[in-house]
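As annotated by TrEMBL, transmembrane segment applies to B:33-51, B:63-85, B:116-138, B:183-205, B:236-255, B:290-309.
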Amino acid sequence: MSHTTSRRGLLFGTAAVSAGALLTACTSNDTKDDKTAANNQPAADDKPGKHVTIGFAGPQADHGWLNAINDNAKNRAKKYSDVSLEVTEGSNDTAQQIGQIETLINKKVDVLVVLPADGKALTQVGLKAMRAGIPVINLDRIFNSAQAYRCYIGGDNYGMGLNAGRYIGEKLKDKPNARVVELAGLDNLELTKQRTQGFDDALKNYPNIQKVARQAAEFTVESGQAKMAQLLQAQSKFDALWNHDDDQGVGALRAIQQAGRDDFLMVGGAGALSAFQAIKQDDGVLKATVLYPPTMAASAIDLARALGQAKGVGGLAEFEIPASITLYSAVVDKTNVDQYMSTGFR
Amino acid sequence: MTQPVSPPRDTAGKIPPVGRLTPWRALPARADVRTLSLLGVLAALVVIGGITKPDEFLDTRNLQLVLTQASVIGVVTVGMTFVITSGGIDLSVGAIVALASVWATTVATQEYGFAGILFTAMLVGLGCGLVNGLLIAYGGMVPFIATLAMLASARGLALQITDGRTQIVSIDSVLKLGERDSYVLGIPPLVLVFALVTIAGWLALNRTTFGRRSVAVGGNAEAARLAGIDVRRQRLYLYLLSGLCCGIAAFLLIVLSGSGQNTNGNLYELDAIAAAIIGGTLLSGGRGTITGSVLGVLIFTTITNIFALNNLQSDVQQIAKGAIIVAAVLVQRRTASTN
C-alpha cells in the first residue's frame, strides 16, 4: 500500500511540481478567455450557461451529516439545467475511492468535487485529475498539497470549538466558579482535537469558567448515551455542556433525560434537524448548536459550475473563484433557528 | 481431534464420572478458583473506584448505571459463550444488533408499537442466526468466514435501511422502559432482562442436555457424533441462540438509546469474545462458563466507569483494556496450572 503510494508520489510529484500546476492553470484560463468580467457575470446567477458535467465522489454516507452532504450536492445540481452530476457510490475505502475518481477522470468530466474519505491518502489522485486538466473542488477534508485542488471549501473545526466556547462563555461570564463539561467526538480524528482546542482557547477568555471534565464518544447515538451517562454520574453539578456532534447528541439527551437532570445549558454541534427542533421548542437543556454546515456541498456544486463556466463568485470583485473557502460555524439558538431549520439534517 | 474417541470433557476439562451427576459436587475446584480470581479482580476494581471517587462511585445510581451499561453487551456475551464453548465463533453479533435495531425502529415497524419493535428485533436476530447456523452446520462453512460474511451483509443492509440516518423511537411505552420510573425495586428493567438471560443461560449450559451437548461438540465434535449427538443440528441451534441474544440486546439498546442507528453494536463481537475469554471460556471450545463471561462483562464495564468518573481519556482506557485482557488470561493460566 505505502509502496504504491510512494511510487506514485515519485511519478506524479515531480511531474506535478513542474508541469502540473502550470498546465491546469492554463486550461482553466484558456476557457476563460471568451468570457470576461466576473463582476458582471456572477456565479450565483441562475441563468443557464455553458453545460457543465460535474463528477462527485464522496465517502460512504453512514452518518447523518455525510448523508446530508450527498443530498445537498444532488439537490443543488438538480436546480441547474446546465449542470449534470455524475455521483460515485460512496466509499470509505481509500483504494476504492481512488478507483472511482480515476473513472471520473477517464470519463472526462468538466469539474471534480471530491470529499475524500482520507484527505492525505487521496492527494495523489487529486494531482492526477489536475494534471489531466480537470479542476478539483476539494470538499472539507483537505488534500496534502495545494496543487491537488483548484479550490478548497470546508468547515472550520477549530472555529466550531471557538464559537461554542464563546457562546457558553458569554452565557456564564457573570457566574462565579462556573463549571463546564465537554462531550467530544471520536478521539482518533484530528478534527476532534481541533474542536477541543478551539473550545479550550475560547474558555481561556473567561477566568471564572473551568472545564471540569471531558469524555470522547464516537459520533454514534449509542456511545453518546453511554459517555453522557458516565459524565452525569461523574459531575453532580455543572453549568454548561458542549457536545461536538448532534447525532451523538440524541444519545446524550437521552442520558440526560434518564438521569432527570436539567440544571445546565447544553450546546450541540453540526446542525441536525432534531437539534434545531429541540432548540425551537426550548423545553430542554439544549439551547444552541454550532454549525458544521452540510450546505458546503451545495456551495461546492456552485463553485464547480462557476469554474466550468469560467465565472467568478457573485458578490466578490474577483474574476476567479477563490482558492480556499473556510465556512463560518454560526451559533444557532432560539433567536435564529427558523432561518436554519431547512438546512437541518436527519 | 488427535484422540477421536476420548469422552467429552465437562466445563473444567475433566472427564465426567459416569452416571448421574450430583449438581454441586460436579462443580470442580478449578472452576471455583477461576471464578474467585475474577471476583477478586472485580473487588479490586471496586476498591480502586471507591478510593479515587468515593462519592460518585459508591453510589446506588452508579451501580444502576454500571449494570445498565453491562446489560446490552452482557446479553450478547451469553450467546457468544455458547458458540465459543461449542468450538465456534460469531463475528456477526455487532452487525446483527445493528440490523435488528434499525429494522425494529423503521417508521413502518413503529406503527405496530411496543410489540412490533420487540418481535421485529427478535425475529431479525433469529433470522440472521438461522442463516449463520445453516451455512455453518449444513453448508460446511468455517464459522469465522460465515459470520464474517454475515457481519458485512448485515451492516450493509442496516445502512441501506437507515440511509445513515438516526431513527428516533416515538413509542412512549418503549421509551419509558429505559427511564427511572420503570425501575422495579430500584432495579432497571434492562438489568432484569440481563439477569434473566444470564440465569437461563447458566441453567441451559450447566443443567440441560443442550448445554452438555454444546460442550461435547466443542470438546471433540467427532467423539460427540460417535456418541450419538446430532452435531449439525446442535450447531444450528447454537447460532440461532446467539442470534436471538443479539435480537434481545438490540431491543435493550433501542430502549436505552431511544433510537436505532446503523452504527449500533460497533465492535460488540470483540467485546463479547474478550469478556468470554477472560471469563474462562476456551476459545478452542470444550469449556464454557456463563458466570465467568458475566464477570468478564462486569469487569470491563466497571473499568470504563472508573475511567470515565476519573475523567481519563479514551486512549488511556483502550490501553488499560488491552493490558487487562492479557493480565487476566495470564493469571488464569497460572491459577489453572498450579491448581
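For all residues, glycine too, the Cβ spot is worked out from N, Cα and C.
Values in this document were obtained by computation on a predicted structure and should not be read as measured data.
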For the transmembrane segment (B:33-51), sequence-distant contacts whose Cβ falls under 8 Å of one of its Cβ atoms, 6 or more beyond its ends: 57-58, 278-280, 289, 291-292, 295-296, 298-299, 302-303, 305-306, 309, 328, 331-332, 335-336, 339
Cβ-based contact of the transmembrane segment (B:290-309) with the transmembrane segment (B:116-138), 3 or more pairs under 8 Å: no
When counting Cβ pairs under 8 Å to the transmembrane segment (B:63-85), the leader among B:116-138, B:183-205, B:236-255: B:183-205
